[in-house]
């Protein structure tokens with residue numbers, strides 16, 4: 001196991017994780033179109049219906065063979081594929097990689113409860129049926145060290161193809177929005193999220209910018225001290241009152257709380 005984990009780390013380091021070839025500009029409500037391939041670990045998780053595949057969630061490529069997404073994005077009754085290197089949905093731009101997912105290669109956290117999203121553990125891993133080919137449009141995400149907590153106001157970006165407004169349309173092109181981190185002390189206040197937020201989550205936004213339906217499972221991208229980007233969050237839920245409700249920031253599964261589970265799942269499969 002230790003050998004495997006070391007090799008995974010070496011793969012990430014050798015590929016230059018978290019360093020997009022196309023720098024991001026300084027679904028996503030009131031966001032903006034992302035620079036093409038500026039979040040090259042962003043994936044589109046798609047499910048099959050009536051003979052065609054449809055975007056349902058985002059995700060992050062964390063090794064050439066594994067994607068990190070949300071537990072609520074996964075249903076064992078569905079057939080999935082992952083699209084890497086995507087920018088504009090429905091348009092073949094030449095850099096996409098479409099990779100099928102085998103039914104037995106969906107790994108949802110064992111403590112995830114689909115009837116209680118606020119209970120936490122909304123995280124899953126998807127094993128690709130073949131390895132991703134890394135390049136300008138497809139690169140690996142860096143993950144944060146286990147246990148790392150971002151400070152209040154840390155500047156992070158959500159990215160995805162989620163709805164542009166509550167009950168609004170899905171965008172064709174990848175969107176991004178700046179969502180400053182809201183620390184647990186603030187996010188758990190009674191007039192914010194209260195008891196719905198756990199310490200294994202991270203909040204970000206809470207004003208006019210937020211995630212929305214279709215962004216689920218995608219990354220919260222945060223700058224690290226070494227100049228790389230790290231995926232600190234997996235998009236989990238927003239308020240039932242609307243995607244951009246005041247004092248209801250987007251809630252993410254905190255990746256640094258699940259590093260051990262991620263490493264063990266990859267090592268054992």
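Including glycine, each Cβ sits where the backbone N, Cα and C put it.
According to Swiss-Prot, the signal peptide annotation covers 1-16.
What Swiss-Prot lists as domain 'Peptidase S1' is 28-267, and the listing cites sequence analysis.
Per Swiss-Prot, disulfide bond is recorded for 57-73 (among others), and the stated evidence type is sequence analysis. Residue 57 (disulfide bond) falls within a strand when secondary structure is assigned with DSSP.
Counting only residues at least six positions away in the same chain, the Cβ atoms of 112, 114, 117, 122, 216, 217, 236 sit under 8 Å from the Cβ of residue 72 (active site, charge relay system). Residues or ranges marked as active site, charge relay system in Swiss-Prot: 72 (among others).
Look at Swiss-Prot and you will find 122 (among others) tagged as active site, charge relay system.
The Cβ of residue 222 (disulfide bond) lies under 8 Å from the Cβ of 144, 150, 154, 155, 156, 157, 181, 229, 230, 231, 232, 233, each on the same chain and at least six residues away in sequence. Swiss-Prot lists 156-222 (among others) with the feature disulfide bond.
All protein chains considered, the CB of residue 203 (disulfide bond) has 26 other CB atoms within 10 Å. Residues or ranges marked as disulfide bond in Swiss-Prot: 187-203 (among others).
Under DSSP, residue 243 (disulfide bond) is assigned to coil, being neither helix nor strand in the three-state scheme. Marked as disulfide bond by Swiss-Prot on the basis of sequence analysis: 212-243 (among others).
DSSP assigns residue 216 (active site, charge relay system) to coil, not to a helix or a strand. What Swiss-Prot records for 216 (among others) is active site, charge relay system, and it gives similarity to another entry as the kind of evidence.
Listed in sequence order, 45, 56, 57, 59, 124, 216, 217 are the same-chain residues at least 6 apart in sequence whose CB falls under 8 Å from the CB of residue 73 (disulfide bond). Every protein chain considered, the tally of other Cβ atoms within 10 Å of the Cβ of residue 57 (disulfide bond) stands at 27. Counting every protein chain shown, the number of other Cβ atoms lying within 10 Å of the Cβ of residue 122 (active site, charge relay system) is 30. Candidate recorded positions: 187, 216. Fewest other C-beta atoms within 10 angstroms, 187.
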